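*Asks:* Copied straight from Swiss-Prot:
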type: BINDING; residues: Glu134, His274, Glu362; note: Mg(2+) 1 binding site
type: BINDING; residues: Glu136, Glu217, Glu225; note: Mg(2+) 2 binding site
type: BINDING; residues: Glu212, Asn276, Met277, Ser278, Arg344, Arg349, Lys357; note: ATP binding site
type: BINDING; residues: Asn269, Gly270, Arg326, Glu332, Arg344, Arg364; note: L-glutamate binding site
type: DOMAIN; residues: 17-101; note: domain 'GS beta-grasp'
type: DOMAIN; residues: 109-472; note: domain 'GS catalytic'
type: MOD_RES; residues: Tyr402; note: O-AMP-tyrosine
Amino acid sequence: MPNANAIANVFKLIEENNVKFVLLRFTDIKGKEHGVSIPVSLVDEDMFEDGKMFDGSSVEGWKTINKADMLLMPMAETAIVDPFAQIPTLSIRCSVYEPTTMQSYDRDPRSIAIRAENYMRSTGIADQAFFGPEPEFFLFDDVRFNVSMNKASFSIDDIEAAWNTNKKYEEGNNAYRPLKKGGYCAVAPIDSAHDIRSEMCLILEEMGLVIEAHHHEVATAGQNEIATKFNTLTLKADETQIYKHVVQNVALEHGKTACFMPKPITGDNGSGMHCNMSLSKDGKNIFQGDKYAGLSETALYYIGGIIKHAKALNAFTNPSTNSYKRLVPGYEAPVLLAYSASNRSASIRIPAVTNPKAIRVEARFPDPLANPYLAFAALLMAGLDGVVNKIHPGDAMDKNLYDLPPEELKDIPAVASSLEEALNSLEKDYEFLTQGGVFAKDFIDAFISIKRKEVERLNMAPHPVEFEMYYA
């Protein structure tokens with residue numbers, strides 16, 4: 001049933017902010033946001049019970065044209081004033097429902113996230129799953145690309161880019177920029193985006209997110225990170241969509257363009273989205289214990305589930321062909337499926353904490369192109385499978401995995417090396433996702449089909465590097 005207090009708050013926000021339109025936002029399979037704007041005169045309490053009809057056949061991977069009608073079901077508790085709309089607009093996040101049954105749609109990512117949380121509670125293992133993602137992004141000055149029968153090119157430029165040390169600017173080249181792999185926690189004047197990130201943080205706070213820190217990241221050409229406080233799974237996925245919305249729009253206001261691709265530039269670090277996770281029951285962190293690095297047995301089993309299902313998980317946590325250009329040795333990307341305390345070369349890390357109650361597990365392979373609803377839900381389901389089936393991850397690996405000799409490396413499993421491998425793995429290893437009806441098999445098949453088209457398109461396209469290697 002709709003939350004009466006939350007609905008009352010919607011009308012309070014409308015009155016206090018002179019709102020003219022209500023924007024109903026929803027997320028598709030690929031993680032892209034869509035929206036339908038409603039004049040405020042048509043917004044009433046019934047809307048939160050009856051929903052708003054829309055054409056599901058126009059969203060890739062959803063309905064066919066002969067069965068197109070679907071419902072946007074507004075979640076009143078997510079209502080927030082959009083700070084970027086010139087006409088006062090209230091945004092409300094929606095789940096997607098079937099109008100014939102008034103049940104959540106099995107291909108709606110937000111509904112999948114909710115079902116994952118409900119399934120977790122039904123197992124009795126935990127009543128809350130906390131997620132703290134760390135999406136990194138680039139801020140570029142200029143991005144161009146061209147794909148046609150006889151051309152394939154892209155061009156990126158930014159005032160901070162290391163390749164601009166010899167560029168002539170009308171106002172002169174001040175030479176303050178991070179060189180390759182030289183940007184981590186840089187300060188002004190090398191960090192040119194400090195005030196832009198600060199503005200992003202202030203707006204994110206206005207929209208309900210809790211900011212923990214922001215800083216320049218490792219790569220040249222304007223790589224950044226804003227750290228926000230954890231939240232429960234679905235709410236944190238909502239917040240991740242808000243995060244991207246704010247980053248992109250503030251960047252635009254400053255003449256920049258924000259890029260969440262994992263590997264937009266060659267030869268420097270890519271952008272990840274490390275995911276911190278913990279489970280709570282009756283208000284207690286059940287990952288806290290007396291095993292390795294202060295973990296509980298439950299936490300170790302959770303890690304075991306993620307490692308076991310990692311290649312299938314990659315389809316959701318690293319859902320682009322570009323993702324696997326980041327997941328290569330040499331750029332601080334976690335390729336090997338091992339766990340360790342504070343060891344950033346492992347794909348599963350147990351961060352150091354000053355308070356044992358804050359103990360958590362960090363999956364380091366996800367990237368910011370992941371649909372947060374699907375990625376978080378899939379990670380939770382893999383972890384729960386580990387707990388239910390007592391999948392122990394084996395011994396921790398505390399050594400630098402990047403420096404291991406070949407004879408040791410061969411015994412350590414790795415993440416998928418391509419989107420195609422990840423999809424093949426998901427095709428074979430999916431039953432952990434369908435427990436409790438969280439991910440429908442029909443949805444998994446649709447997701448694989450959509451992503452295979454992306455793989456096929458890239459496989460069929462000649463690449464400029466091929467001309468460099470093979471033309472003459």
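Easy rule for this one: first residue shown is 1, then count along the chain.
Glycine residues also receive a Cβ, built from the backbone N, Cα and C atoms like all the rest.
Tell me about the surroundings of these features in the structure.
*Replies:* Residues near His274 (Mg(2+) 1 binding site) in space but far in sequence (CB under 8 A, at least 6 apart, same chain), listed by position: Pro133, Glu134, Arg349, Glu362, Ala363, Arg364, Pro366.
The Cβ of Glu217 (Mg(2+) 2 binding site) has 20 neighbouring Cβ atoms from other residues within 10 Å, across all protein chains displayed.
If you draw a 10 Å sphere around the CB of Arg349 (ATP binding site), it holds 23 other CB atoms from the protein chains shown.
Model confidence over the domain 'GS catalytic' (109-472) stands at 95, taken as the mean pLDDT rounded to a whole number.
DSSP assigns Tyr402 (O-AMP-tyrosine) to a helix.
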*Asks:* Checking your reading of the structure: which of the recorded positions Asn269, Met277, Ser278, Arg326, Tyr402 lie inside a 10 Å Cα sphere centred on Glu217 (Mg(2+) 2 binding site)?
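*Replies:* Within 10 Å Cα-Cα: Asn269.
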*Asks:* Would you mind splitting the domain 'GS beta-grasp' (17-101) into helix, strand and coil residue counts from DSSP?
*Replies:* 16 helix, 36 strand, 33 coil
*Asks:* What is the nearest of the recorded positions Glu212, Asn269, Gly270, Lys357, Tyr402 to Glu136 (Mg(2+) 2 binding site), using the Cα of each?
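*Replies:* If we rank Glu212, Asn269, Gly270, Lys357, Tyr402 by Cα distance to Glu136 (Mg(2+) 2 binding site), first place goes to Gly270.
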*Asks:* Using a 10 angstroms cut-off on Cβ to Cβ distances, just flag whichever of Arg326, Arg344, Lys357, Arg364 is the loneliest among these binding-site residues.
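*Replies:* Lowest Cβ count within 10 Å among the binding-site residues (Arg326, Arg344, Lys357, Arg364) is Lys357.
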*Asks:* Using the alpha carbons only, what distance in Å do you get between Ser278 (ATP binding site) and Gly270 (L-glutamate binding site) once rounded?
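*Replies:* So the alpha carbons of Ser278 (ATP binding site) and Gly270 (L-glutamate binding site) sit roughly 26 Å from each other.
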